[in-house]
Amino acid sequence: QNLPGNDNSTATLCLGHHAVPNGTLVKTITNDQIEVTNATELVQSSSTGRICDSPHRILDGKNCTLIDALLGDPHCDGFQNEKWDLFVERSKAFSNCYPYDVPDYASLRSLVASSGTLEFINEGFNWTGVTQSGGSYACKRGSDNSFFSRLNWLYESESKYPVLNVTMPNNGNFDKLYIWGVHHPSTDKEQTNLYVRASGRVTVSTKRSQQTIIPNIGSRPWVRGLSSRISIYWTIVKPGDILLINSNGNLIAPRGYFKIRTGKSSIMRSDAPIGTCSSECITPNGSIPNDKPXQNVNKITYGACPKYVKQNTLKLATGMRNVPEKQTRGIFGAIAGFIENGWEGMXXGWYGFRHQNSEGTGQAADLKSTQAAIDQINGKLNRVIEKTNEKFHQIEKEFSEVEGRIQDLEKYVEDTKIDLWSYNAELLVALENQHTIDLTDSEMNKLFEKTRRQLRENAEDMGNGCFKIYHKCDNACIGSIRNGTYDHDVYRDEALNNRFQIKGVELKXGYKDWILWISFAISCFLLCVVLLGFIMVXCQKGNIRCNICI
């Protein structure tokens with residue numbers, strides 16, 4: 001490309017930055033849409049569609065809920081003593097044993113899920129005077145009537161049901177979880193047939209708590225051929241405490257205890273398949289990468305996950321302001337510096353030089369300023385991800401119907417947190433983008449000022465990011481300017497002489513222009529005088545007559 005006004009005694013040096021034909025629009029504090037050469041998406045908006053089995057230990061509940069597996073529903077026997085980091089409950093899960101309810105279902109489910117194990121220890125409870133291991137046709141184990149494997153249904157023996165008083169100390173150094181229940185017969189006859197007395201009572205106590213349950217006799221909706229129910233309760237016995245069970249009927253007794261562990265295990269409802277892959281972050285939609293600071297896939301997560309935001313996209317600028325190179329630059333096709341536009345095709349760096357001298361034209365990148373900008377931008381992305389990745393999981397929130405107001409409050413708090421974080425994320429990205437553009441502009445200005453200080457009076461700033469050098473500057477001379485070893489004293493006298501000669505020519509060309517304008521003005525004036533004289537002579541001789549009508 002030709003830089004006009006050059007000859008063998010001068011040279012032109014332009015400074016510029018790279019550009020791309022089609023940049024990416026990002027948001028800054030001062031501008032909703034500004035084009036940059038490159039940007040990185042910060043919001044993960046899609047999942048893999050499957051739950052990865054590594055590095056977390058995933059336990060697929062299949063047809064069983066966690067509570068059914070805990071109680072020992074016959075079709076969930078395969079889950080006995082299992083362990084997990086994440087228990088995945090399926091929508092197809094069902095109960096296939098005696099119909100039951102858990103008054104504090106959500107709390108029990110959460111407690112067992114966070115423990116991460118169904119490890120069970122049998123204990124030798126002494127149930128004297130009653131029949132043990134009752135079963136039901138509604139709970140088949142194979143072809144036999146059966147019951148929950150972790151519970152012991154006690155009923156009359158020889159038409160007697162004595163008052164039961166059983167104690168079990170906790171001599172271990174861990175918490176014990178006991179699951180027990182109360183049977184609610186559908187009729188008074190069923191009550192007396194099973195427990196002799198017309199009304200039973202169950203009391204379970206520790207040093208810290210006591211629960212007394214009176215059975216509610218009455219018919220309920222039929223489930224698996226039964227209108228009676230079992231209510232499931234649970235008691236935690238601390239180390240050094242004692243479990244005391246007192247009952248005169250209707251007791252569904254524990255067979256032992258579950259070990260309670262403290263951990264970060266959890267449970268998630270999902271129908272996504274489990275695949276052989278690795279991902280730190282899991283959502284009900286499937287696993288997602290956690291290399292981005294934010295995600296828009298699902299509010300519920302497990303593992304080290306990006307924060308959930310409402311935005312579908314947030315782009316972090318990882319390049320400089322993009323000013324595409326103009327395809328034509330006047331009739332001479334001259335290039336310009338960074339003030340007018342960027343340069344496309346500069347692959348070796350972000351900033352660089354273009355020159356024209358007696359040896360031709362050339363281009364070279366400035367690696368030092370390029371590296372300075374890249375180092376600062378690379379640090380940005382890593383810091384944003386580091387600050388925003390969750391190191392814990394967002395569990396599902398469940399409440400019973402009687403806790404509806406608490407559920408509404410929880411939902412409001414969660415929605416407010418999401419709104420707040422979404423706003424903060426957008427603001428953070430806008431601030432970082434503004435800083436990125438400012439720092440890349442700053443590196444360009446630093447390089448330009450560094451070049452200006454080297455050239456001093458040997459060159460003139462052309463106002464477009466270029467310098468007109470007033471001495472002969474071959475490729476070696478241009479190279480010294482680029483690498484900072486240029487000695488302006490060596491070329492000072494030559495530059496001053498050339499500058500005066502060139503300015504003198506420009507001055508003479510300026511006088512010529514003035515003379516041309518003055519000559520044109522005088523010619524026009526004389527033409528007007530001649531025309532006016534002709535009109536006056538003609539009027540005197542009567543050749544021209546003017547009539548004025550009023």
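These residue numbers are counts, starting from 1, taken along the chain as shown.
Placement of Cβ uses the backbone N, Cα and C atoms for every residue, glycine included.
Per Swiss-Prot, the features are:
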- Cys52-Cys277: disulfide bond (DISULFID)
- Cys64-Cys76: disulfide bond (DISULFID)
- Cys97-Cys139: disulfide bond (DISULFID)
- Cys281-Cys305: disulfide bond (DISULFID)
- Cys473-Cys477: disulfide bond (DISULFID)
- Asn8: N-linked glycosylation site (CARBOHYD)
- Asn22: N-linked glycosylation site (CARBOHYD)
- Asn38: N-linked glycosylation site (CARBOHYD)
- Asn63: N-linked glycosylation site (CARBOHYD)
- Asn126: N-linked glycosylation site (CARBOHYD)
- Asn165: N-linked glycosylation site (CARBOHYD)
- Asn285: N-linked glycosylation site (CARBOHYD)
- Asn483: N-linked glycosylation site (CARBOHYD)
- Cys539: S-palmitoyl cysteine (LIPID)
- Cys546: S-palmitoyl cysteine (LIPID)
- Cys549: S-palmitoyl cysteine (LIPID)
- 1-514: topological domain 'Extracellular' (TOPO_DOM)
- 536-550: topological domain 'Cytoplasmic' (TOPO_DOM)
- 515-535: transmembrane segment (TRANSMEM)
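Cα proximity to Cys281 (disulfide bond) (within 10 Å) is found for the following recorded positions from Cys52, Cys64, Cys139, Cys473, Cys477, Cys539: Cys52. Around Asn63 (N-linked glycosylation site), the same-chain residues at least 6 positions away in sequence with a Cβ under 8 Å from its Cβ are His75, Cys76, Arg90, Lys92, Ala93, Phe94. Cys139 (disulfide bond) is 41 Å away from Cys305 (disulfide bond) when you measure Cα to Cα.
Between the CA atoms of Cys64 (disulfide bond) and Cys97 (disulfide bond) there is a gap of 12 Å, rounded to the nearest whole number.
Reported as a whole number, the C-alpha separation between Asn38 (N-linked glycosylation site) and Asn22 (N-linked glycosylation site) equals 10 Å. Per-residue pLDDT, averaged across the topological domain 'Extracellular' (1-514), gives 88. For the recorded positions Asn8, Cys139, Asn165, Cys277, Cys539, a Cα to Cα distance of within 10 angstroms from Asn126 (N-linked glycosylation site) holds for Asn165. For the recorded positions Asn165, Asn285, Cys473, a Cα-Cα cutoff of 10 angstroms around Asn8 (N-linked glycosylation site) retains Cys473. In this structure the alpha carbons, written CA, of Asn483 (N-linked glycosylation site) and Cys139 (disulfide bond) are 86 Å apart. If you draw a 10 Å sphere around the CB of Asn8 (N-linked glycosylation site), it holds 10 other CB atoms from the protein chains shown. The closest partner of Asn165 (N-linked glycosylation site) among the recorded positions, by CA position, is Cys139; the full candidate set was Asn22, Cys139, Cys473.
Put plainly, the recorded positions Cys97, Cys281, Cys305, Cys539 were compared by Cβ crowding within 10 Å, and the winner is Cys305.
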